[in-house]
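Below is one structure, written out as structure tokens, with a few remarks after it.
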Amino acid sequence: MEKISTDAFPLTMHSSEKQETVCIFGTGDFGRSLGLKMLQCGYSVVFGSRTPQRSSLLPNGAEVMSYSDAAQKSDIIIIAIHREHYDFLTELTDVLNGKILVDVSNNLKINQYPESNAEYLAQLVPGTHVVKAFNTVSAWALQSGALDASRQVFICGNDSKAKQRVMDVIRSLGLTPLDKGSLVAANEIENYPLQLFPMWKFPFYLSAVLCVFFFLYCVIREVIYPYVYEKRDRTFRLPISIPNRVFPIAALTLLALVYLPGVIAAVLQLYRGTKYRRFPDWLDHWMLCRKQLGLIALGFAFLHVLYTLVIPIRYYVRWTWNNRTATQAITKKENPFSTTTSWLSDSYIALGMLGFFLFVLLGITSLPSVSNMVNWREFRFVQSKLGYLTLILCTAHTLVYGGKKFLNPSNLVWYLPSAYVIALIIPCTVLVIKFILILPCIDKTLMRIRQGWERNPKYSESALNGKTDI
């Protein structure tokens, strides 16, 4: 059998000649979890501790000794301690010289220090090769396995060979390294675990504003108005009836807002006659949040379905049906069957079910585990073509719900139309503009622009020279 060179595959666990050794400074939760994972993957692990005689919770098979002795066992040392305790490393300058130090620390606040922890470590021990890695992986993720957490590990450093060796370690642990460049990127990597849903803030705030607005709007129409003019207490509608109006309205509006930025972008490209100009920052941010807007819209659609299913067991509904049945029995009269009403009712339900089915399909395909299994054309077909079909079905579902009452003056309360009428404004606007954009004469021009054609090439040349925002 041909002999395999360890230089060709540095720090892999399959070497039959020598078991690679990795040193870990720190015996806390993360250090122990990382050491256990490395032992399971075939590495020899040495822990460095200020009190090696009292380190009794370490995984079986690992050695523990003083920092100075442990550092001599490996040329890769993982610093699994807090920045506040880095000072002792200055005493080990001679021992650490030329070694690779992997900084895994995080801070308590974003931009807590003027420089990143990794840059501070490089200044503290100048003779070493500092690499930032593993700070986006938790101790729980290492213990439970890569399938239960994100597999990506951000990494950065100034020495390419040092980064390559650390990336080999990461891959052997079943994780995926993502090179972010030089050590300057360490600040961004350290801030990443401290961010709370950075791409979800705008969708959450927007959803909250929509819900509050439509909830108050429905309260004015359905609770306050009857009390003022008829002295009727309709507050019992607050827990279910009004939320069941707000949720579908929010779902439809947010779904329309998923496709509105794409329509605006197409109109801008047609107006400018080129694709080589940046969109406004607000439009860029909006387009990046489309997935989150769609998932929140799907959540509201689920709530609408659940609230609708409990309608038959509500006391108010049962009381109304019983009274109506008793009245018909006493008066010996029945309501005549209306074919038109039956058609509208069944169409309303059918459109809602089909729209919800496609809505769920859009949500499933947006999951990384599913989207990674389809090519770009398939993903675009589902998210664009089926997405617009979902918007059409949900809009039609709302239109049929209104039926003949759509914009009927008798439905106005204090000159306020029904909430579902307001909910149709954005979806109908998006669909009308989209219909105009897919007309052959316009779609052909838009396709040419997206393929690189420009209406005014001289303007683009001046833009490239810095006269406009590119």
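Every residue, even glycine, has its Cβ placed from backbone N, Cα and C.
What TrEMBL records for 21-107 is domain 'Pyrroline-5-carboxylate reductase catalytic N-terminal'. Marked as domain 'Ferric oxidoreductase' by TrEMBL: 249-394. Annotated transmembrane segment per TrEMBL: 204-229, 249-271, 292-317, 348-374, 386-403, 415-442, in sequence order.
Between the transmembrane segment (249-271) and the listed ranges 204-229, 292-317, 386-403, 415-442, the one holding the most Cβ pairs under 8 Å is 415-442. Counting Cβ pairs under 8 Å to the transmembrane segment (204-229), the stretch among 292-317, 348-374, 386-403, 415-442 with the most such contacts is 415-442. Broken down with DSSP, the domain 'Pyrroline-5-carboxylate reductase catalytic N-terminal' (21-107) shows 34 helix, 21 strand, 32 coil.
If you look at the transmembrane segment (348-374), the same-chain residues 6 or more away from its ends with a CB under 8 A from one of its CBs are 251, 255, 291, 294-295, 297-298, 301, 305, 382-383, 386-387, 389-390, 393-394, 396-397, 400-401.
Residues of the same chain lying 6 or more positions beyond the ends of the transmembrane segment (415-442) and with a Cβ under 8 Å from any Cβ of it are 214, 217-218, 220-221, 245-246, 248-249, 252-253, 255-257, 259-260, 263, 266-267, 270, 388, 391-392, 394-395, 398-399, 401-402, 405-407. Under DSSP, the residues of the domain 'Ferric oxidoreductase' (249-394) split into helix, strand and coil as follows: 122 helix, 0 strand, 24 coil.
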